[in-house]
Amino acid sequence: MALLQSSLIWVVYAIVFFLLVAVSSIFIYIYQTPSERSTYVTTVCIFTLTALLATVLLLPVDVALVSSTTSSREGRRKSWATQDEVDKITFSLAVAYYFLYSLDAVLCLLVVPFTYFWYEEYDEVASEDGSQTFRKRFWGAFKYTVAFILLTVILFLVGFFVPIGRRKDKPNLDLDYFRRLLTENHGERALTFALGLLITIGILVYVLYTSTGLALLPVTIIKSAPAISSPTLSANTASRLEENIERQRQLEGRCGGNPDRLPSKQRRELDSLVRQARTLRRRQRLAEEARRPSGSWLLNAWFKLSAVFRPLKLLSGLLLLAIAMLVWVSMLLTSIDKAMNSICKQNCGYILGKTNILNPINWVFVHSSKVFPVDYILFVFLVLVFFCSSVVGIATTGIRFLWVRIFQLRKGHTSPQALLITTVMLTLITLALNYSISMVVAPQYATYGPQTFCDHPPKHPGEQPDCTGLEPLIKPCSELSENPTAKEICTPTVVSTFLNRITLNFPFFGIVDFWAQFFFLGLSLLVFLVTIFRTPKLDEQQFDEDAEAAEEEGLLASTGRRFGATWEDITGRASRSPQVSGSAGRGTRE
């Protein structure tokens with residue numbers, strides 16, 4: 001029975017893994033620029049996103065496996081759950097976590113930077129005449145990646161030798177649970193330090209982008225920007241075009257049709273009016289094409305379905321808003337609980353030994369975890385909400401260095417370099433999200449799940465306690481349980497042990513990670529208040545630039561062709577028409 005149950009849990013995880021591959025692929029193909037598509041960049045981005053999401057979504061498997069050793073109704077271990085069997089379960093989970101965490105670190109610090117420089121090393125002319133070989137390109141990318149290799153080696157060496165927290169300095173850490181967290185293995189300590197540093201860096205990115213996206217995501221679904229074909233914009237465009245033409249006539253009348261006779265100021269004004277008129281006519285044409293019935297039955301059906309399901313879009317936005325508010329409240333309650341009731345405060349990174357304030361998200365997950373995979377479905381949805389919020393935050397804020405925008409994440413217009421940097425940012429955010437969900441959003445669920453213990457002395461030494469008819473004595477597991485039988489019954493999840501080990505051995509990381517949650521809550525509230533009172537507008541300048549570039553590439557011949565291009569972005573298959581090279585004079589790059 002135990003083998004069958006654990007096998008089914010891993011099968012569910014495998015199904016989720018393949019779904020993650022699909023989600024990552026769709027995300028990459030939707031956002032990348034078709035004319036600059038690169039096989040290597042696409043593969044690395046999809047693989048990296050899948051690996052990092054698989055790391056976070058291992059948590060429900062962790063909870064389900066350790067919880068399967070106990071009966072939450074009776075508060076005791078099941079007959080088959082000997083300590084050897086429990087150790088086998090936790091060991092298999094530890095191997096999976098260390099593999100995924102190490103893979104995430106290698107992808108973030110080595111593979112993605114190498115792919116970035118590999119793409120930058122591409123020279124179309126040299127590649128066509130044969131002067132740029134695979135070896136030269138590889139060596140050129142490797143030279144720049146050496147700095148990241150040295151950074152990774154230094155990071156692990158520092159973690160190998162850096163001093164850790166000692167129990168003699170922390171009088172509140174005499175419990176067996178906390179003693180076990182003090183790492184003595186140098187290899188494990190190096191990985192703990194490296195991931196602790198990456199999580200702390202990720203927390204900073206998480207606070208800036210995910211908090212912004214969590215506030216923007218539901219509001220942008222409820223209040224979307226008007227389309228180019230909306231009556232108001234069309235009327236405004238027609239009015240501006242009419243005024244433009246009238247002003248051109250006035251200026252041409254003054255010069256008798258010869259612009260050289262105009263003063264330099266009015267000549268510049270006439271040139272500006274001509275360019276503006278060209279842009280306004282393009283907008284008019286695109287608006288007419290958008291309103292005109294298409295010959296494609298698929299496109300017409302899509303427009304009709306969009307109109308029919310528009311109320312559902314509003315309802316989904318309201319549902320996301322309710323979920324975002326619930327998550328915000330849950331994070332606030334747990335953060336207050338940690339600040340007030342942590343047994344060791346800043347000495348251990350505000351580890352919370354027991355949940356003292358009711359957390360609605362935590363309550364839902366603890367009770368739903370009694371019926372696997374209900375909690376897994378809810379957890380996948382929660383992670384995707386955070387993931388989409390991070391994407392929205394990056395797309396809105398842009399990839400910046402200080403206040404300078406370096407790259408922009410936009411659907412169908414994201415360069416390979418921007419995709420790779422976005423992937424690194426999402427990797428750091430997801431590592432931070434692993435901490436935030438486990439320690440702040442749902443701490444009891446992520447630590448013990450639905451596990452309980454019978455707080456009643458056993459009838460005979462060596463036996464398990466029996467709470468038959470004594471249901472009030474069946475209590476949730478916690479690190480602060482004084483009953484020695486609780487330590488024999490309750491098994492903490494592997495991920496909670498690992499994260500608590502980081503904050504206990506390196507308290508600085510725990511302090512930064514904890515107080516950053518308040519900045520997350522404050523920034524998301526500020527962005528939400530600003531967004532809710534702000535009317536979304538069409539970015540006309542960006543629209544004109546995109547339309548002009550697409551017009552030059554011959555991609556706006558008809559509405560049907562534009563729909564086909566969008567479908568190609570999603571499926572990743574090129575059309576049968578001749579390929580048009582990108583702005584740099586190249587097609588698909590390897």
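Cβ coordinates are placed from backbone N, Cα and C, and glycine is handled just like the others.
Annotated in Swiss-Prot:
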TRANSMEM  8-28  transmembrane segment
TRANSMEM  46-66  transmembrane segment
TRANSMEM  94-114  transmembrane segment
TRANSMEM  145-165  transmembrane segment
TRANSMEM  190-210  transmembrane segment
TRANSMEM  314-334  transmembrane segment
TRANSMEM  348-367  transmembrane segment
TRANSMEM  376-396  transmembrane segment
TRANSMEM  421-441  transmembrane segment
TRANSMEM  508-528  transmembrane segment
REGION    567-590  region 'Disordered'
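The stretches the transmembrane segment (46-66) and the transmembrane segment (421-441) meet in space: the count of Cβ pairs below 8 angstroms, excluding pairs fewer than 6 apart in sequence, reaches at least three. Counting Cβ pairs under 8 Å to the transmembrane segment (94-114), the top-ranked stretch among 8-28, 314-334, 376-396, 421-441, 508-528 is 421-441. Highest Cβ contact count with the transmembrane segment (508-528) among the listed stretches 190-210, 314-334, 376-396 falls to 190-210 (criterion: pairs under 8 Å).
The stretch with the most CB contacts under 8 Å to the transmembrane segment (190-210), chosen from 8-28, 314-334, 376-396, is 376-396.
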